[in-house]
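*Asks:* There's a structure below that I have some questions on.
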């Protein structure tokens with residue numbers, strides 16, 4: 001191939017848009033969905049979409065939410081309460097590529113256990129209290145520190161992260177995500193509550209059967225049939 005032809009081929013590869021590697025640009029200011037209308041299957045691989053409501057029928061109330069005004073229900077085991085806000089509960093977020101959440105940690109050791117968001121980076125702002133927070137990168141390095149009120153920490157996409165109240169008063173953290181559906185994978189519940197075969201967990205973590213039973217009792221639901229292929 002001639003050098004000129006090779007150069008043209010490379011330019012085409014760089015400049016031509018690729019539908020498989022990027023989301024399409026939004027072509028309107030916003031789209032508050034009309035969930036009372038008929039769902040339209042935009043793409044077989046995605047959930048159905050709804051037509052946008054007419055901007056003439058929208059008010060400021062459609063763009064406001066009180067979803068994180070109050071804490072959620074606290075876990076007796078961890079002292080953690082979380083409230084997540086996505087387009088499912090706040091329709092104005094639809095097509096804007098973001099969502100947010102409130103996390104509350106009870107005083108003296110309340111913890112948001114290690115977890116990660118497979119589809120989003122998170123920024124966490126401490127609204128009240130003192131919180132030890134951090135994440136672990138793919139090389140196993142921990143980046144963690146105590147955050148005071150008003151400080152922000154970023155948790156890169158798909159990095160395992162955690163938060164713990166190290167103050168004497170309850171703590172509140174506001175998290176924002178660059179995805180409408182960030183997803184969440186909670187490490188303890190995923191490992192010990194998803195039905196992975198006992199032998200795998202015992203060998204991987206050096207656990208005795210009794211220790212494994214104790215962890216499964218705390219983090220896992222009653223055992224159910226798993227989706228496994230026969231050997």
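Cβ coordinates are placed from backbone N, Cα and C, and glycine is handled just like the others.
Okay, so TrEMBL annotates it like this:
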- 112, 117, 122: oxalate binding site (BINDING)
- 115, 117, 122, 161: Mn(2+) binding site (BINDING)
- 31-52: disulfide bond (DISULFID)
- 66-213: domain 'Cupin type-1' (DOMAIN)
- 1-21: signal peptide (SIGNAL)
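Walk me through where these features lie, including what they touch and how far apart they are.
*Replies:* The Cβ of residue 112 (oxalate binding site) lies under 8 Å from the Cβ of 78, 80, 82, 103, 105, 162, 163, 164, 173, each of these being in the same chain and 6 or more residues away along the sequence.
Listed in sequence order, the residues of the same chain lying 6 or more apart from residue 52 (disulfide bond) and placing their CB within less than 8 Å of its CB are 28, 30, 31, 32, 33, 34.
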*Asks:* How many other Cβ atoms sit within 10 Å of the Cβ of residue 122 (oxalate binding site)?
*Replies:* 23
*Asks:* At the Cα level, what's the spacing in Å between residue 122 (oxalate binding site) and residue 161 (Mn(2+) binding site), rounded?
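*Replies:* Per the Cα atoms, residue 122 (oxalate binding site) and residue 161 (Mn(2+) binding site) stand 10 Å apart.
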*Asks:* Is it possible to get the count of other C-beta atoms within 10 angstroms of the C-beta of residue 161 (Mn(2+) binding site)?
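*Replies:* That number is 22.
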*Asks:* Could you give the Cα-Cα distance between residue 161 (Mn(2+) binding site) and residue 117 (oxalate binding site), in whole Å?
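*Replies:* One finds 9 Å between the Cα atoms of these residues.
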*Asks:* What is the average pLDDT across the domain 'Cupin type-1' (66-213)?
*Replies:* 95
